[in-house]
Amino acid sequence: MPHILALDQGTTSSRAIVFDQAGNIVSIAQREFQQFYPKPGWVEHDPLEIWQSQLEVAVEAVAKAGLEVADLAALGITNQRETAIIWDRATGEPIHPAIVWQDRRTADTCDQLRLGGHEARIAERTGLVIDPYFAGTKFAWLLDHVPDARERAARGELAAGTVDTWLVYQLTGGALHITDVTNAGRTQLMDIHRCQWDDQLLALLGVPREVLPEIHSSSEVYATVAKGQPLAGVPIAGMAGDQHAALFGQACFKPGMVKNTYGTGCFALMHTGTEAKPSEHKLLSTLAWQIGGITEYALEGSIFVAGAVVQWLRDQLGIIKSAADIEKLATSVDDTGGVYFVPALAGLGAPHWDPYARGTIVGLTRGTSAAHIARAALEGIGYEVADIVSAMQSDSGLSLSELRVDGGASNNDLLMQMQADLLQAEVVRPAVTETTALGAAYLAGLATGVWSDRGELQAQWQVDKRFGPKIPADLAAERRATWNRAVERAREWALD
Ligand SMILES: Nc1ncnc2c1ncn2[C@@H]1O[C@H](COP(=O)(O)OP(=O)(O)O)[C@@H](O)[C@H]1O
Ligand SMILES: O=P(O)(O)OC[C@H](O)CO
């Protein structure tokens, strides 16, 4: 039976998962790596640690599965998106630590782009809003701040890329400098309609074409792992940013199908078909994937802090010992006692894009307990996701039949019930919640004949649990209206 290895390079850990042909998990290995916060708002990773940890877990997962490397039909790569790395093409030496997607250091550049009146053109070409989140301004920052970088780039000595590109470069011993459309689409440098680097955008953001990788589809045999490496000879056959891979792993193959991943943040994606859909609600219009020459698109709502608010309650307030404890504490009260918690601890992402918003707890009384706050925190995640899903429905004109969920916090049944209540729609948790890695495995397996088509993948997707709305629609609407008042209080809080 063929096996596929998925490399899932996330923001806080590198994971590797071996899947069998039935889409079952055979083994998992995971390693956390260091986060660096050199200045307020800055977040960095060591690119070599990313590579080493990813390689180690890959080797460990294959060994745990009791397999030889020769038993692997292919490997697929999925990764934290928008994180920017530049390295020396000849030596593979990074010129600077990776600038992570959460990093805000290019906020000024973004303000200038906005003041320069470029917002509409950038939105039309890239589907993105102007925000430091994306990789393009980070590449420019690196070229401007590392001594001699621009000169070296002009001489063709430097390679730039997101984490997918970096891993392929390493796996192929420096032979390949490529990316896939989903990752390229998050640089703010690619025209998402043509799936090519856009000269005007490159000039506007100050990133020379010579440093950028070649853009490929999300499912094809790009290369095999180089000789001398532990995974030598394995075809590298699938590549997609983690949220796009999760959409694929959730078998959201048709327009209107939506998945939401509840991790550190939340990322909801709706499949919208073969044309990019512009958003009127500041959602991102993004690639779903490109397979066999056909490009599919999605609308995305990104929330920067979701499960992280549970970590905050654990680490900063100490009202729970582990993240999973929140469910018991929040269930010990029937409601939030009128408390609303806007988890804008790092500003607000979609649909507000307000970097100056701050976490806000309103409605406190003398009767408010830790349990009420815990419950309000979970509900706050549910409201944010509901806001995004409503915006998606309005932008796409497609109505939601169900929300497919995954990620660490999707194991919280109370949160899932709240989500169904607030959305007034069914929330469905699949049996395999490692959908990001599964999506990468599927993309690689489709390119190597392990699976013949999406119908086969669709048939493998199985439900663990369904949650239906238990409160009436008018009550949900009333609560959401009050939530909007709480959001107004959180907005622009940190603006001088
Ligand atoms: N039972 C739970 N209830 C609520 N939040 C949870 C629960 N289990 C994990 N989390 C939260 O989910 C996040 C971890 O999920 P994961 O999918 O591993 O995230 P990531 O891939 O972003 O690191 C953490 O922020 C944690 O606080
Ligand atoms: O590493 P994750 O799972 O938190 O995902 C990060 C996203 O890709 C950022 O856009």
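Placed from the backbone N, Cα and C atoms, the Cβ positions cover glycine too.
Automatic prediction, not curation, is the source of TrEMBL annotations.
Record features (TrEMBL):
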DOMAIN    4-249  domain 'Carbohydrate kinase FGGY N-terminal'
BINDING   THR11, THR12, SER13, THR264, GLY307, GLN311, GLY408  ATP binding site
BINDING   THR11, ARG15, THR264, GLY307, GLY408, ASN412  ADP binding site
BINDING   THR11, ARG81, GLU82, TYR133, ASP242  sn-glycerol 3-phosphate binding site
BINDING   ARG81, GLU82, TYR133, ASP242, GLN243  glycerol binding site
DOMAIN    259-447  domain 'Carbohydrate kinase FGGY C-terminal'
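Projection of TrEMBL feature records onto the structure.
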{"residue": "THR11", "record": "ATP binding site", "DSSP (3 states)": "coil"}
{"residue": "ARG81", "record": "sn-glycerol 3-phosphate binding site", "DSSP (3 states)": "coil"}
{"residue": "TYR133", "record": "sn-glycerol 3-phosphate binding site", "DSSP (3 states)": "coil"}
{"residue": "ASP242", "record": "sn-glycerol 3-phosphate binding site", "DSSP (3 states)": "helix"}
{"residue": "GLY307", "record": "ATP binding site", "DSSP (3 states)": "helix"}
{"residue": "GLY408", "record": "ATP binding site", "DSSP (3 states)": "helix"}
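Taking the mean position of the Cβ atoms of THR11, ARG81, GLU82, TYR133, ASP242 as the sn-glycerol 3-phosphate site, the remaining residues of that chain whose Cβ falls within 8 Å of it are ASN79, GLN80, THR83, TRP101, ARG186, GLY241, GLN243. Taking a Cβ cut-off of under 6 Å from any atom of ligand 1, the binding-site residues ARG15, GLU82, ASP242, GLN243, GLY307, GLN311 reduce to GLY307, GLN311.
When the binding-site residues SER13, ARG81, GLY408 are screened for a Cα within 10 A of the Cα of GLN243 (glycerol binding site), the ones that qualify are ARG81. For ARG81 (sn-glycerol 3-phosphate binding site), the nearest of the binding-site residues THR11, SER13, GLY307, GLY408, ASN412 in terms of C-alpha separation is THR11. On the 0 to 100 pLDDT scale, the domain 'Carbohydrate kinase FGGY N-terminal' (4-249) averages 95 in this prediction.
The highest number of surrounding Cβ atoms within 10 Å, among the binding-site residues THR12, ASN412, is found at ASN412. In this structure the residues listed as binding ADP are THR11, ARG15, THR264, GLY307, GLY408, ASN412; their two most distant Cα atoms lie 22 Å apart. Between the two most distant C-alpha atoms of the annotated glycerol binders (ARG81, GLU82, TYR133, ASP242, GLN243) there are 15 Å. If you take the C-beta of GLY307 (ATP binding site) and look for same-chain residues 6 or more apart in sequence within under 8 angstroms, you find TYR262, GLY263, THR264, GLY265, ALA323, ILE381, GLY407, GLY408, ALA409.
Selection of the binding-site residues THR12, TYR133, THR264, GLN311 by a Cβ distance under 6 Å from ligand 2 yields, in sequence order, THR264.
Fewest other C-beta atoms within 10 Å: among the binding-site residues ARG15, ARG81, that description fits ARG15. In this structure, of the binding-site residues GLU82, ASP242, the smallest number of CB atoms within 10 A of the CB marks GLU82. It is 28 Å from the Cα atom of TYR133 (sn-glycerol 3-phosphate binding site) to that of ASN412 (ADP binding site).
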